[in-house]
Amino acid sequence: MNVHRTKLLGASAGVFLFAIIYGWVIFPKILRFMISKQVTLKPGTDIRDLWSNTPFPLHFYIYVFNVTNPDEVTAGGKPRLQEVGPFVFDEWKDKYDLEDDVQEDTVSFTMRNTFIFNQKETLPLTGEEELVIPHPIMQPGGIMVQREKAAMMELAAKGLSIVFPDAKAFIKGRFMDIFFRGMDVDCSSDEFSAKALCSVFYTGEVKQAKQVNQTHFLFSFLGQANHSDAGRFTVCRGVKNNKKLGMVVKFADEPELAIWPDGGECNNFVGTDSTVFPPGLKKEEGLWAFTPDLCRSLGAFYQRKSSYHGMPSMRYSLDLGDARADESLHCFCDDPEDLDTCPPKGTMNLAPCVNGPLIASMPHFYNADPKLVADVEGLNPNEKDHAVYIDFELMSGTPFQAAKRLQFNLDMEPVEGIEAMRGLPKLILPLFWVEEGVHLNKTFTNMVKYTLFLGLKINSGLRWLLIMLSFVGLGSAGFLFYQNSDSLDITLPPKIIKETNNKVADSNKPNEPPHFAADTSIPGTNPPNAKSEKRERY
């Protein structure tokens, strides 16, 4: 009986230890190993196919700030803004000219973004709405000449007056013309100042301009970026080291940028190309990606737990930080040694990146210096509409949903050399903001659900079942040991009564019945057996 109880106890303890070790140590390691072998950019894998040609479009929203009092602003007044949008586009991402380097475990490719107007989702807007915005060539051009080539201001002012006759600081145009179809730039004049101005169009320095013929160009914010080269990347494939999956090694065939001063950390590539992330990240590491539009790597950091279609995930968020307060961001200042040259909190100076007086921020200056909001009318920053967020599953490296939001602003200032710009106020004027959003549908979430989470649920159920069974076994063994100890027979030893020879002492004692020694035999009788007593348990 004791052998069975001992076996039951040992087996139960073994099951308990197995459930703990397998459920919390061995199985997660096996699962991570299996994921690491599947999630690579090796040719022929499902991940490679999904990564190179995204099988679904992202949602791309554009919101434009219509200036309702342009004449007042031209005279130095406070801008009043009206947000118009969203104008909705389907954004398709693909990668072409892929070249693998097996030895370095990298793949090089050219990124391409294609925007297709989604008229149905844009309703009631049509894209033909007339909007008033700062002149997209005169204002940036005049400001940059004043800052960097003041000696050429007279020549530039004359050229602008010829190429854009009767131009004002603000222009009116249709949304699709401003952003995609383009606004006409007439470079047909033989005047020297006009030719000098137009030379930057012919040389390709104005990347937003498309040459139509020998003398005319079309300028738009996004037209040239549509279905065209968005940069040449080299990233890690993650075959040799899964932790480096998607990490940017080169951009434009360069191992680092040469944009920011002092060759500091700001020129380094940190993170992926934003279309893939390595599996098995720790939440404290953050999600980093290089963004060519900003010439910068941005990191999103853990905020809280979240869920998507019933699957647990982690919510990450980001902002542009405060270059003055954060020493690691000092290299984004014009002069890292002079903090007065740093952009305001929550903004980033894009001039070194785009060669124009542009400032990046979160929409409506969310999480930025409150003065920026106070300088204009019509802004209402809030987390729900304007924060950047990502709901991310760490083990598989899957972003379930995300909203990448960014606002572009004009770093406006008066320009003495151009009559139409002399009275402008000095402030940061919002132009437009965009949102690039993704929400995985059931087809792709089910791939994660039935490969990852189903296995995790089975493992969780199995380990708790084994733990419960081990507790039942331990309890049963304990009960059997207890029951056995409760029925033990204990034989009491006989009492020995010694006879004394001290007569004097005995005479002083009261009369007592005679005592006989327990081991003394009475003639003619047999000694009785010692009685057994069952000890009662108290």
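Including glycine, each Cβ sits where the backbone N, Cα and C put it.
Lifted from Swiss-Prot, the feature list:
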type: DISULFID; residues: C266-C331; note: disulfide bond
type: DISULFID; residues: C295-C353; note: disulfide bond
type: DISULFID; residues: C333-C342; note: disulfide bond
type: CARBOHYD; residues: N66; note: N-linked glycosylation site
type: CARBOHYD; residues: N213; note: N-linked glycosylation site
type: CARBOHYD; residues: N226; note: N-linked glycosylation site
type: CARBOHYD; residues: N441; note: N-linked glycosylation site
type: TOPO_DOM; residues: 1-7; note: topological domain 'Cytoplasmic'
type: TOPO_DOM; residues: 29-460; note: topological domain 'Extracellular'
type: TOPO_DOM; residues: 482-538; note: topological domain 'Cytoplasmic'
type: TRANSMEM; residues: 8-28; note: transmembrane segment
type: TRANSMEM; residues: 461-481; note: transmembrane segment
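Structure coloured by features recorded in Swiss-Prot.
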{"residue": "N66", "record": "N-linked glycosylation site", "Cβ neighbours (10 Å)": "20"}
{"residue": "N213", "record": "N-linked glycosylation site", "Cβ neighbours (10 Å)": "8"}
{"residue": "N226", "record": "N-linked glycosylation site", "Cβ neighbours (10 Å)": "16"}
{"residue": "C266", "record": "disulfide bond", "Cβ neighbours (10 Å)": "24"}
{"residue": "C295", "record": "disulfide bond", "Cβ neighbours (10 Å)": "20"}
{"residue": "C331", "record": "disulfide bond", "Cβ neighbours (10 Å)": "18"}
{"residue": "C333", "record": "disulfide bond", "Cβ neighbours (10 Å)": "20"}
{"residue": "C342", "record": "disulfide bond", "Cβ neighbours (10 Å)": "21"}
{"residue": "C353", "record": "disulfide bond", "Cβ neighbours (10 Å)": "19"}
{"residue": "N441", "record": "N-linked glycosylation site", "Cβ neighbours (10 Å)": "9"}
Work through the recorded positions one by one (N213, C331, N441) and name whichever has its CA nearest to the CA of C353 (disulfide bond). C331
Can you grab the distance from C295 (disulfide bond) over to N213 (N-linked glycosylation site)? Cα atoms, rounded to a whole Å. 31
Taking Cα atoms as reference points, which of the recorded positions C266, C331, C333, N441 is nearest to N66 (N-linked glycosylation site)? C333
Averaged over the topological domain 'Cytoplasmic' (482-538), what pLDDT does the prediction give? 49
C342 (disulfide bond) to C331 (disulfide bond), Cα to Cα, whole Å, comes out at 9
Take the C-alpha atoms of N226 (N-linked glycosylation site) and N213 (N-linked glycosylation site) and report the distance between them in angstrom, rounded. 20
For C266 (disulfide bond), the spatially nearest of the recorded positions N213, C333, N441, using Cα atoms, is C333
Reduce the DSSP letter at C333 (disulfide bond) to three states and note it down. coil
When DSSP states are folded down to helix, strand and coil, where does C342 (disulfide bond) land? coil
What Cα-Cα separation, expressed in whole Å, is found between N213 (N-linked glycosylation site) and C333 (disulfide bond)? 40
